[in-house]
Amino acid sequence: MATTASSLLKSSFAGARLPASTRTPSSPAVVATPRGAGAIRASSISSSNPPYDLTSFRFSPIKESVVSREMTRRYMTDMITYADTDVVIVGAGSAGLSCAYELSKDPSVSIAIVEQSVSPGGGAWLGGQLFSAMVVRKPAHLFLDELGVAYDEAEDYVVIKHAALFTSTVMSRLLARPNVKLFNAVAVEDLIVKGGRVGGVVTNWALVSMNHDTQSCMDPNVMEAKVVVSSCGHDGPFGATGVKRLQDIGMISDVPGMKALDMNTAEDEIVRLTREVVPGMIVTGMEVAEIDGAPRMGPTFGAMMISGQKAAHLALKALGRPNAVDGTIKVVSPALRQEFVIASKDDEVVDA
């Protein structure tokens, strides 16, 4: 059955803005009343007893071999299914998860997420300096409304009381969809490149990848993909690996690294410069700052969400599907439509 453009993208880009909370000079910077579709009312919390007797609870019997077979059969089936897929997303931080969420709205697109850590989410489990709150500048709060994440609202930004509320919500919504598989504890060791185009990734168990120097040779596996989205984060021992590998193999000339912190410039630049940097590979999130020399962003997260969504629509465009980049899906909000500008691939380094 054909999917219409209107039904394909029921996202924050077609949503209505929430009015800013009215503040007086004596008001706190952040309004205390939670806003957003996920705001919880005390009356909605059920106080009923569990549907079983806790004093004499017993589980149904099971053979240990059944548990082993269920895990093994399902995982191996997923490996076979996603050995050749539409999109592979490398890195399950806030940008990668936002990209996967947006992409998976089209049920005909198969998506594999590869995350080296056992626990996906990247740096989005906390705000800055290990603090709990997550700050999101408007109008990216519309994405939170879509997800149903509650927040406190100020005039130009919103605050989620704990960053884990965003990460756990987008992850649970995403992984419930049948066209997505998260392969966590799996590392991407290299790219598949054929005829100047990225055509997939080379994978290995993360623990194996971390111990190549101490063990004998352990060859990897592969996943072919029509599009690879690299969301590996900023530079570090495990960061920006996608663009650094492109430089190693001569597909790009330079990875200048991100500049000093400038929140206002950085978030706009990261969204604007999210793009297909070489045929078959889209870069999103903080990895964009590494390849373009944009400023570092600091502890605000709106650009990660919107960059991920933009990467999803660039992937849809590459797949020949309706998308919000070339206008085959209409974006209602003019402010958000301006974010969807494809940066020139010729401009490799950006002066910020």
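Using the three backbone atoms N, Cα and C, a Cβ is placed for every residue, glycine included.
Swiss-Prot annotations:
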| type | residues | note |
| --- | --- | --- |
| TRANSIT | 1-41 | transit peptide |
| BINDING | Ala95, Glu115, Gln116, Gly123, Val188, Asp219, His234, Met286, Arg296, Met297, Gly298 | substrate binding site |
| MOD_RES | Cys217 | 2,3-didehydroalanine (Cys) |
Quick check on the recorded positions Ala95, Val188, Cys217: which one has the highest count of other Cβ atoms within 10 Å of its Cβ?
Ala95
Tell me the coarse DSSP state (helix, strand, coil) of Val188 (substrate binding site).
strand
Round to a whole number and give the Cα-to-Cα distance in Å for the pair His234 (substrate binding site) and Cys217 (2,3-didehydroalanine (Cys)).
29
Report, as a single number, how many Cβ atoms besides its own are within 10 Å of the Cβ of His234 (substrate binding site).
17
In terms of DSSP three-state secondary structure, what is the assignment for Gly298 (substrate binding site)?
coil
Here the 10 Å Cβ neighbour count for Gly298 (substrate binding site) comes out at 13
How many other Cβ atoms are found within 10 Å of the Cβ atom of Gln116 (substrate binding site), counting all protein chains shown?
24
Return the residues near Arg296 (substrate binding site) by Cβ distance under 8 Å, restricted to its own chain and a separation of at least 6 in sequence.
His234, Met258, Lys259, Ala260, Leu261, Asp262, Ala266, Met286, Ala289
Distance [Cα-Cα, Å, rounded] between Gly298 (substrate binding site) and the residue listed as '2,3-didehydroalanine (Cys)'
39
What's the CA-CA gap between Gln116 (substrate binding site) and Cys217 (2,3-didehydroalanine (Cys)) in angstrom, rounded?
19
Widest Cα pair spacing in Å over the listed substrate contacts Ala95, Glu115, Gln116, Gly123, Val188, Asp219, His234, Met286, Arg296, Met297, Gly298 is 38
